[in-house]
Amino acid sequence: MSTLFWKRSELLFLILYAVAFYAIVIQRSLYLSHDHSRELYGLRRGWMFNRLNDLSDAQWRNFHGNLPILTFVLGLFTFGANTLRSQFYLKAKEMSVVWFLISLAYILHLHGACVVFVLSIASVNYFLAKILAKSKSYLYVLWIFNISILLLNRIYDGYSFSLFGNHWAFLDSYRGSFRWQICFNLVVLRMISFGCDYYWSVKETRLHQKKHIVCCSICSSGKACYHFLQERGLHSRQYSFITYIAYLLYAPLYIAGPIVSFNAFASQLDVPQRSHSVGDVAFYGLRWVLCFVLMETMTHFFYYNAFATSGLWRQLSPLEIFIIGYGVINFMWLKFLVIWRYFRFWSLVAGIETIENMPKCINNCYSLETFWKCWHASFNKWIVRYMYIPLGGSHKKLFNTWIIFTFVALWHDLEWKLISWAWLTCIFFIPEIVIKSSVSSFTSRSATGKLFLREMSAVAGAITITCLMVANLVGYVIGPSGTSWLISRLVKKDGFPVLGFIFLSFYVAVKLMFHIRDNKQNTKQI
């Protein structure tokens, strides 16, 4: 009885503290946005309460501005593809042709003459797979080729047609409305996915199908879960060039959106996804609308990203710097959630299921591993399947972490601040891995021991969140050059109380997450 009373009292305190914390953050954010609106870059006239709208983020500005035409185009494409499928009973090969033609028209508008680069590189990758897939050295060739392409695309900024001769220079005037090398980062992941899936299909399947069907609630009900579609091998004829190209250029997921493996994509061309009913997809679309309205509310009232891009954060107090940094991370999370869920929605409408990229709120993650599993979940699954397991999995976790995060940084862009972000994340990952392995071997039956372990876990979680915030600030806000300035600012006399407040707030947040976790576990047991 006393334990239950203590837990309820603790929960009440945590909730009251969280309410007070967000009241302070919201109040200070409103004042900062109001007082500095004339000094910030990237603010545009908004539609909410005659306020300015923060469109300083280029990715969000492009998505926001093109949303009407994008919705019309993707709606037309998915309606056309679904109509042709139902009217003519099209299967995998025929649907590959349909999506290839639709997607080709789409990227011709986006990239113009640069489609030649996309198709040429994709074709080389395909024929490398077909020729070398039975070779033991094939995976090395696949990775070297794709990483080289990734780097060359950035070094030469998408290439100039004049590089191939002056008589081709006129094509540089027809490069489309969207830089092809930006979208090609996702295409590289798909090319690697196809290459690995085809290579493994030549060898043997990595999935025990009967055992999986018995254990999986979705598959045992007669449907096929995403994991089953991804892991089972396909017939060799399904690894055709037309299906491969349709997969690379698939319109609903070409610009952004979750990453789908080749096996899962090709399987659903033949039989559209049945895990989500029409009602489920419609409700998912409604939830997206609500998320978009939330994002619009945030950018109309809180100009976090504008502070970061304008460099005005250098003029603020330590508490205000923390609020802006915390706000930027939440802005980024909500931005990607809205963008990724938008494209996933259209993919579901078209009959292709993908993994949800943001399954958990950013403010409900207290470990680096959980954060990365829930930040870009489909990319995380891709990394696990095509990098982590082939590199040795959990047996070489410390080694794998450096290779994986370096690749992730290079995949995003060739910038030192992203390399700094990646290596900082790896440094912060090491103690978490060591502590987790130590804690997993420690069990305590006494109430005091369990309480001590819980408190130490909360402290460790608070440290982890602090490290995560620092890594993301360095990678996406202040850069490596601003790190020393930020540290020197926080260790001054007026900075120490703020550091204490930050750590206490994160400690309280982790304890609150523990209560949420325990409540979910108790609900499942009931």
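Any Cβ shown, glycine's included, is placed from N, Cα and C.
Sequence annotations record features per position, and here TrEMBL assigns transmembrane segment to 12-31 (among others).
Marked as transmembrane segment by TrEMBL: 67-85 (among others).
For the transmembrane segment (97-126), the residues of the chain that approach it from at least six positions outside its boundaries are 73, 77, 80-81, 84-85, 90, 142, 145-146, 149, 158-159, 161, 171, 174-180, 183-184, 187, 191, 194-195, 241-242, 244-246, 248-251, 254-255, 269, judged by C-beta separation under 8 angstroms. Marked as transmembrane segment by TrEMBL: 97-126 (among others).
Look at TrEMBL and you will find 138-156 (among others) tagged as transmembrane segment.
Sequence-distant contacts of the transmembrane segment (241-260) (same chain, six or more residues past either end, CB-CB distance under 8 Å): 74, 77-78, 92-93, 95-97, 99-100, 102-104, 106-107, 110, 118-119, 122-123, 126, 178, 183, 186-187, 189-191, 193-194, 266, 269, 339-340, 342-344, 346-347, 349-350, 352, 354-357, 377-379, 381-382. Feature annotation from TrEMBL assigns transmembrane segment to 241-260 (among others).
Sequence annotations record features per position, and here TrEMBL assigns transmembrane segment to 281-303 (among others).
Among the features that TrEMBL reports, transmembrane segment is placed at 323-343 (among others). Long-range neighbours of the transmembrane segment (323-343) within the same chain, counting only residues 6 or more positions beyond its ends whose Cβ lies under 8 Å from a Cβ of the stretch, are 25, 28-29, 32, 57, 59-60, 63, 252-253, 255-258, 284, 287-288, 291-292, 294-295, 298-299, 302, 304-305, 307-308, 313, 316, 356-358, 361-363, 375-376, 469, 472-473, 476-477.
What TrEMBL records for 418-435 (among others) is transmembrane segment.
The transmembrane segment feature in TrEMBL is assigned to 456-478 (among others).
Per TrEMBL, transmembrane segment is recorded for 498-516 (among others).
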Most Cβ pairs under 8 Å with the transmembrane segment (281-303), selected from 12-31, 138-156, 498-516: 12-31
Spatial neighbours of the transmembrane segment (498-516) far in sequence, C-beta under 8 Å, 6+ residues away: 7, 10-11, 14-15, 17-18, 21, 317-319, 322, 363-366, 454, 457-459, 461-463, 465-466, 490
